[in-house]
Amino acid sequence: MAAAAAAAGDSDSWDADAFSVEDPVRKVGGGGTAGGDRWEGEDEDEDVKDNWDDDDDEKKEEAEVKPEVKISEKKKIAEKIKEKERQQKKRQEEIKKRLEEPEEPKVLTPEEQLADKLRLKKLQEESDLELAKETFGVNNAVYGIDAMNPSSRDDFTEFGKLLKDKITQYEKSLYYASFLEVLVRDVCISLEIDDLKKITNSLTVLCSEKQKQEKQSKAKKKKKGVVPGGGLKATMKDDLADYGGYDGGYVQDYEDFM
């Protein structure tokens, strides 16, 4: 009986050993905690994937924002153009108002009134021209004298040289002197009396110098015409005397022959 009981006990232990199943998760991961860490790692992978989706969404949002920036820049440019047009119109209205109802803070001479009207008219024409250029998109690229906008003394000196070269190329024309007379009068009409006196004095000095040069040139021509010994008339008289003496000798010889 004892031997049978021992054999039965060994059989039970063998069955227990044969059918015992180890947890593969514990065998590989080293326990329940390790197995749990493994699944948590897989969850983290899913989180990374979610972050990639977030990055894609952010890129899409940035791409959608860029056109909005461009639109806002266009709006700013359009607003600037409108503001400039408003200022231009306001300036035109002020000029028109001054032309229709000129203010007279002081008593002006007829010349000064004419100069003021001409100046305002010129401003209005320039304003209209600029507005037309902006409306039709005309290119304002200019060169030479038209490109200059003198503000300093050196700028005006250079501007004067270019202007002189432009005008003096027509000095051989029959209408050049009358053209300058009208031009000088028109450009000086808005000047003050003191400035006009300076210009007048400068022209007076120039006129005196030209008169001296003319007198000197006439004196040189007279000296060239003078001949020693009585001049041209004396020379002609001597020639006639010689001719007469020759005639007299010829007649005398003819009479002796007869």
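Cβ atoms here come from the backbone N, Cα and C positions, even for glycine.
Annotated features, as they stand in Swiss-Prot:
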type	residues	note
REGION	1-108	region 'Disordered'
MOD_RES	A2	N-acetylalanine
MOD_RES	S11	phosphoserine
MOD_RES	S13	phosphoserine
MOD_RES	S20	phosphoserine
COILED	70-135	coiled coil
CROSSLNK	K106	SUMO2 cross-link
MOD_RES	T109	phosphothreonine
MOD_RES	S127	phosphoserine
REGION	217-238	region 'Disordered'
REGION	243-258	region 'Promotes stable association with the 40S ribosome'
MOD_RES	Y254	phosphotyrosine
Look at each of the modified residues, T109, S127, and point out the one with the fewest other Cβ atoms around it within 10 Å. T109
Need the DSSP three-state call for the residue listed as 'phosphothreonine' to compare against my parser. coil
Determine, to the nearest whole angstrom, how far the Cα atom of S127 (phosphoserine) is from the Cα atom of T109 (phosphothreonine). 27
Please average pLDDT over the coiled coil (70-135) for the predicted structure. 74
